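Participant: This is the feature table in Swiss-Prot:
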- SER993, PRO994, PHE995, GLY996, CYS997, GLY998, LYS999, SER1000: ATP binding site (BINDING)
- 1463-1476: compositional bias 'Polar residues' (COMPBIAS)
- 1485-1498: compositional bias 'Polar residues' (COMPBIAS)
- 1-89: region 'Disordered' (REGION)
- 1463-1498: region 'Disordered' (REGION)
Amino acid sequence: MLPTSSNNEENRKPENSFPPTHFDTWERLSDYQKPSSSTTDDAYGKPVAKISPTASIDERETGIIGSTLRQDSTDSDSTGSSNMNPYDRLDKEVISKKNAHTNSYRNDVDELEGSLRTLGLQKVNAPTISSFSAWKSQSSALPAPSSSETSKIVKAEIKAPQQPMSLNPNYFDVMREMEKSMNIFTKLFRGSQIRNKNDLPSGRHLVNYRQNHAFDFAAMSHIWKENKMENLPKLPHRANLVMTLPSSRVRNSKICAFYRVLEKKEDKYILVACHVNIHGFHRGDLRFVEVNNRTVLKGFERSSVIGHLFLGDILTVTELTRCNETVSNVASSVEDASPDAPCQWMASKVVLFPRHEPVNVQFKFTCNGMASVVSTNEPMSVILNNLTEAKTNVEYTGIAFKSASYTVHTEDYTKKWYERIQEEISNIMIYPKALSTIYQYEEYTPNFVVEKQEQEEHPYQQDLEDLDLYRQHEMQTNVFTKFFDIGKSEKRKFGPGKSISNCRHSDAIDFAAMSYIWKNIRQQHLPKLPKLPNMVLPLPTSMPLDSEICAFYRVLVENKSKYILIACHMNVHGYHRGDLRFLEINESTKLYGFEGRSVIGQLFLGDIVAVTELARCNGHGSDAFKIPFDVSMSSQNTCTWMASKITLPSRPPPASVLFSFMKNRMAVVKGCDEPMNVEVKSIQNVEPDLIYKGTAFKPEKPELNFTEGFIKKKRHQIGSITLRIASYPNSFGTIYNFQESDIDNEHYKIGINAFSEEKFTEISLDEREKIVETCSLMGFSAANTIFNGRFDCRAFKMEEIKKNGMTVMFCIENPTSQPTLGLWCAGNRIVIGGPNGDVNGAIETVIDDPDIGYLRIAARLSRDIPKKFSFKGDGEFFVSQREVFENEILDDGYFKTLDPGCNGRRIIETLYGGKPLERVVVDKRDSSIERMMSQLFGVGSGISEHKTSGKKSEDTPTQFYFPSTPEPLALNKYQCEYVQMLLDGNPLIIGSSPFGCGKSMTIITAALELYKLKKNRKQLLITQSNYASVNLIDIAQRVCLSGDDDLKDLKFVRFVSEKNWNELPSNCRTDSDMPYLMNKLFKDWAMGRIDLTNLTCLKTHHYVQMVSHIIKNDLVNPMLFGDHIAQIYDKLSADFSRAPHAQTLVEAFFMIYKPDLVMVTADSAKGLLNILRDVCAVQIDEASQLAECTLLGLLKSFNNASFGLIGDIHQLPPYCEEGLEGKLKDFGIGNTMERAIKEKMFPVCTLRNVYRCHPKTTELLSELFYDGALVSGVSELARSDFMTKRDDFWPNPKFPMMFVNNTGASTKMGTSTSNSSEKSIVGEIVQNLINDPRNPVNPSDIGVISFYSAQTSILTEHLRGSGVKCGTVDAFQGSEKEIIIMCSTNERISDFMQLSNRLNVAMSRAKQVTIIIGHLDGLRRANYWSTIVNKIEQNGNLVNANDWYQNQRRNKVSLSSYPLISTSRQSKQQRANEYNSQHKHVKRQSNNDYGSQRSVTNSLNPEFVGKWDDETYGDWPTIQKST
């Protein structure tokens, strides 16, 4: 039967997930522990019964547990008074005990203590025992008492609450038996059970409290008398009433008693026991207890409860403390007890029993300030600040608290003694029930609904009989049903109660079925709850019962007046119930335990809530209301349902975090790869260059988006089902409390001088290590936060989508309040969700259109896009930034774990102010060379071929050769010096290599020489871009074809994950990439083509993942498996339903393939750091762009390897977003190579010969940026072919630069700049170059560089499909093209355009010619630009755009004369062949120029059809501003 709402709230077992405090450890219990003895006799020589650790209270009551010191009075009655009427006999006993209860009780206490001394019990300090069940489980391990040993009772000295004492069950049992014998109600309640037990709630409750629970509480007071009030701290007082105090019911095993708030005094409350069984006639001290400012309320531990309780509130008292030091005896007559007298006890720990839901009332004030309530004969009290507020002639509406009703005795009484019980109770003063309290009110208005609450409480009760029919319908319609074994018993994995991790498919079906009944509840009928000005922490939490119908939802979006929730489990809605996909929380939503206030402003993004009731949102109130619709039509913007009742499950424990602010107000958190939101009123109050410590909420990230209980073999099929439903990323964490961290900020100031003994002489080694870790970890987290690129966890609806090949163009909103501009950038990884599931992609261009308030985005889709995925048809598509999975590389303590002598630690110490590392020079005459090489590389011999005769390598370095055909190429002396330094075993060397100096060839040569020394040691070659790594692969492939016998077994691979590989453009993929080689290798392994004797290192989990990968990618039919693989498949096939684990697959691949050289980008290197072992050398290309955090990760993982950094400090430093600045940027991104060269930290060699550019270009750049140190390695003739062949285009063929003056104005686009006239000029030039009938240029040989990201996006769209690469200056570092078109865009030359390193990169990309488009007057006045412009003008290559246009049109090579790009693949190939045959020497590089980027033919790029772009936006949808 479906439980009603009231039953749910009454039966629910709340739990406390609040952060622990020191109050929770206060269990001040005295402990009597018996000395060890071999005897098992008690003090009377009788055997002591063994105590079962699992014995229950019922067993204790029947005598199984505990020892009795006196015979039960019933024994004598049964022998001496057997003929007496039972009622008369009991009456006689009760009267005699009642008359002498006080003296008898005190005598019993004295007798008891004497007996305890005889038993030899002692009080000792022991670990805390916090519950009844805890000391029960301990009791079986206690030694038996010895009748021969005696000792005094030593009272434990309680010095502080933090030193609790433990409970000895034997002493407790003795006290309990004494209380049982003295309590007048014992005979009246013994041996009976509570009626209708099955209908009672779980946990301690007023209606299931029993007589033996009262005995436990009274007995426990003898232990609690050691607690002293002066040892408890006073708690701070909150000024305003907190209505929604956390409430719950204590567990069954907890010793407690129920008390009611009877009186309110100035600084305390007086409580009266709810059940007279607790005190009887003999324990008047337990009749009244007080609550004061030392009382701890569960869930409200940090504040005093004074001022927050109502008269009539029920409190569960779980611990007592003596109020007065003079109290020496716990016993007193109940006749002496009075609420006006000082209480002997205070309630030191209490739990608020769940209150009734607030009641809406209509009333008028009486003359004495009370309330006369409509339709009620009983007055109510009103909380008034001033009696003058009460206007007797005005009607008011308000919210009232009504106290609970209960019987004054427990329910386990003997039925025949009921009248006797009532007679005895009449001798005890019983206080009447407290009046209800109106705590919030306002003047009456006709719109206020007073009696609606009762009417709307259960409007669906009559429809519950149809629930089974709805449930059956949902079960049959839900697409997930077939994957779950519904008939099988679905026992929850993690105990009673529902949670997000143990929810079952049947629970989802019940919730969906119940929605047909909840449709009768409407939002307009629910009252709006008042909103609190500040967030309440902690909120009350609880777990829904097993019998409660609910579903779990996650907070996805936060608005000012509502939250949007998304279902955690897709079983709830399947494909057919799109109305249940998103729900709304608004001001009418009730949170369990927080019913009196609105929950708006109290939840975090990412919070998980259990929805226990729905209501139809306003706007969906039609009687013709139809619930189901396809999930693809669901939208977070228009919710069908609101969550009218919710429960907050236990939140994750608050996390302590160290963080710094970024410019965008988000936080970089130490140890995290993603930013966090910060609750801060004003960003002006914080500084970005400081470290703060705070408390954060980290949302729970469920592993599955469907429920438990699925059929394991069908898990992969369920995953396929869920992929067809759009997913949303998890939310960022939220920091809600913080302050400056003084110690960490001191470390921050010392920073890179941590190991400087000159600047800081008194710092200990331990503190130096902490400084390094603090700075490096904060920087590491900052850099990862920036590089991961997810700064927006929102999902946006895609407007007017257009797909062309693997590129999709769409628009998303750019709201003014929370703009997307700046958070959505080129390079962001995205996920697009729609009716057919999800597909991944990467943003290529972002263009702001302020007129309509949208961003225009073009993204490249992943190649693993499902075949059926389409943007056509019904349904909406949403896009969000893809979530990044954290991959911790640096963690707390990483630096301390490094061996003091390893290369990694030595390098880090040098980077942080330690002594420079001197160059290691190997003397070839030294007989120890073999030993050194053996230590460094595991080499026994082989260095002799590099020996020189009698001189050190730094004077005459060995000549090295690069393998090539037909003859090896000799490296120049600077390149040889670099190779020799790496071979000499230096921990770290730096190769300062200007543009075009052949550094790629130098890196490969050094790697090959190391390979010859020892072939079973891996080497890592790291680049900064995929294009550069492809270049290294290209060079390595040519090396293998050189015919060198020493290299015939060389194996290399480019490491790239399968997911990233699917998103790479075609010209960035090779057949040496790991995904390609992995599929080939695993296929050979599966078919038995690989010798298995060499694969003993593989473990079972490797085999399982390999077979899963083969099946998932359909590489081999299982029928064709080799014998050994077939056995594995047959034995382990049950595990193959799971998706393959990527890291395990990579491990298996490297174990089988065993590559010698591994090429990888710096970003992808993280995936290798925990996999590769035995790496002897790491070389890093374009090292000037290497972020310091990446280098630190490499140094930590490969701490025994030698490192070679080769790059140019006169080019761009490591890339960093504008959001990162100050110390976060210095420690995370840094400029390691420049700092190392300037401060002479490591050995350096400088390459000087330039083989890329035209000699005059090299000469000009050498004078501008290198102090004239560069030497050209090529002739002018080799770089002048284009100029000489296109004299119609190029004014002066003897100078390789041309300037086109553009007078068109630029336009601001967000924080960037664009220029439409410049775009047109670029289009004209590109058309001219690639459409020339005599000398057409291959589009892949043209590069367009812009200094502004907005202009880059516009140019990319303008030239899309042409095969011409467009990019920023940063994107072009490491690349080269025959022809470069450089766009300055802005007529106002900004500071960053005048940076020497940026201009150096832009001007050094061209092998033949550079065409500059810019504003002449502006550039004449700019640094460096003025020199370049003057040189061009002196050589006659300065033209005006309009004049140049006219000249080209006279020569008939304009846009109107020739088609843009031929749509015929054959004619295009013919023109390319003709061009290549006529310009062979232009394509061929000089003999020593193997470091260039390989050309990519235009046939690899998608066909361009139609016009260029209709002024860029022609293919874009026209979005109206009203959208």
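Keep in mind that glycine also has a Cβ here, set from the backbone N, Cα and C atoms.
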Participant: Per residue, counting other C-beta atoms within 10 angstroms of the C-beta, which of the binding-site residues SER993, SER1000 reaches the highest number?
Facilitator: SER993
Participant: Across all chains shown, how many C-beta atoms besides its own are within 10 angstroms of the C-beta of GLY998 (ATP binding site)?
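Facilitator: Other Cβ atoms found within 10 Å: 28.
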Participant: Tell me whether SER1000 (ATP binding site) sits in a helix, a strand or coil according to DSSP.
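Facilitator: Once the DSSP labels are grouped into three classes, SER1000 (ATP binding site) ends up as helix.
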Participant: Using CB atoms and a 10 A radius, I'd like the single residue among the binding-site residues PRO994, CYS997 with the highest neighbour count.
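Facilitator: In terms of Cβ crowding, the pick is CYS997.
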Participant: Across all the protein chains here, work out how many other Cβ atoms are within 10 Å of the Cβ of GLY996 (ATP binding site).
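Facilitator: Other Cβ atoms within 10 Å of GLY996 (ATP binding site): 26.
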Participant: If one looks at the chain holding PHE995 (ATP binding site), which residues at least 6 apart in sequence have a CB under 8 angstroms from its CB?
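Facilitator: Once residues fewer than 6 apart are set aside, PHE995 (ATP binding site) is near ASP1208, GLN1211, VAL1250, ARG1252, CYS1253, LEU1261, ASN1400, VAL1401, SER1404.
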Participant: If H, G and I count as helix, E and B as strand, and all else as coil, what does DSSP give for PHE995 (ATP binding site)?
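Facilitator: Its secondary structure by DSSP: coil.
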